[in-house]
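Asker: Okay, here's the structure, questions in a sec.
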Amino acid sequence: MTTAARPTFEPARGGRGKGEGDLSQLSKQYSSRDLPSHTKIKYRQTTQDAPEEVRNRDFRRELEERERAAAREKNRDRPTREHTTSSSVSKKPRLDQIPAANLDADDPLTDEEDEDFEEESDDDDTAALLAELEKIKKERAEEQARKEQEQKAEEERIRMENILSGNPLLNLTGPSQPQANFKVKRRWDDDVVFKNCAKGIDDQKKDKRFVNDTLRSEFHKKFMEKYIK
């Protein structure tokens, strides 16, 4: 039987066993993570902004050199753009260079006339669009009103039909209405097999015969007459 569950009144203590006189010599194992890792100071190298290097640098001169280099780079691209702009401007014909033979009364001579013509055409287009928009709105409103009127008429017709069909007296008065049929509908169990099977048996001659029905058997009838009735 195990004794693991029993309480320990005398726990084990280190230093009392064989070779355990000195507790500091119990184990010679140690982890590599316990060793000293960073034992030397890291100094800044060249091009890492060391104090001596920063002290000997002339920041103003470096800034001026970078500005001059940026200006030279900008001026290098400027003549190309100016040349392309001048060439595009030179391609545009001037008004005084157009020969007199090409001048016509229908040709626009000023930009103001072009602007006036464009404004008039824009106004005409805006007016046409507004008129078309008003026409569309009017057609939609008429269509909506027509649908609402048809829906109301259909609802009224359905309501009148429900009123007339719900009252049998009103159905009889109408000449166009079909004749109402008050015949009682047959029950769902009118044609079942064992309905009214025992009806009229007492009037007939009682002969002992086998019936495949426990409720209509002779034994059941005698039992009911003897103990229940």
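Each residue's number is its place along the chain shown, starting with 1.
Note: Cβ is positioned from N, Cα and C throughout, glycine not excepted.
Keep in mind the model is a prediction, meaning the values are calculated, not measured.
Take a look at what Swiss-Prot says about it:
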type     : residues : note
REGION   : 1-133    : region 'Disordered'
MOD_RES  : Thr2     : N-acetylthreonine
MOD_RES  : Lys18    : N6-acetyllysine
COMPBIAS : 24-34    : compositional bias 'Polar residues'
MOD_RES  : Thr47    : phosphothreonine
COMPBIAS : 52-84    : compositional bias 'Basic and acidic residues'
COMPBIAS : 104-126  : compositional bias 'Acidic residues'
MOD_RES  : Thr110   : phosphothreonine
MOD_RES  : Ser121   : phosphoserine
COILED   : 123-165  : coiled coil
Asker: Write out the long-range same-chain contacts of Thr47 (phosphothreonine), meaning residues 6 or more apart in sequence whose Cβ is under 8 Å from its Cβ.
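Answerer: Counting only residues 6 or more apart in sequence, the Cβ neighbours of Thr47 (phosphothreonine) under 8 Å are Glu53.
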Asker: Among the modified residues Thr2, Ser121, whose Cβ has the fewest other Cβ atoms within 10 Å?
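Answerer: Checked Thr2, Ser121; of these modified residues, fewest Cβ neighbours within 10 Å: Thr2.
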Asker: Measuring Cα to Cα, how many Å separate Ser121 (phosphoserine) from Thr2 (N-acetylthreonine)?
Answerer: 109
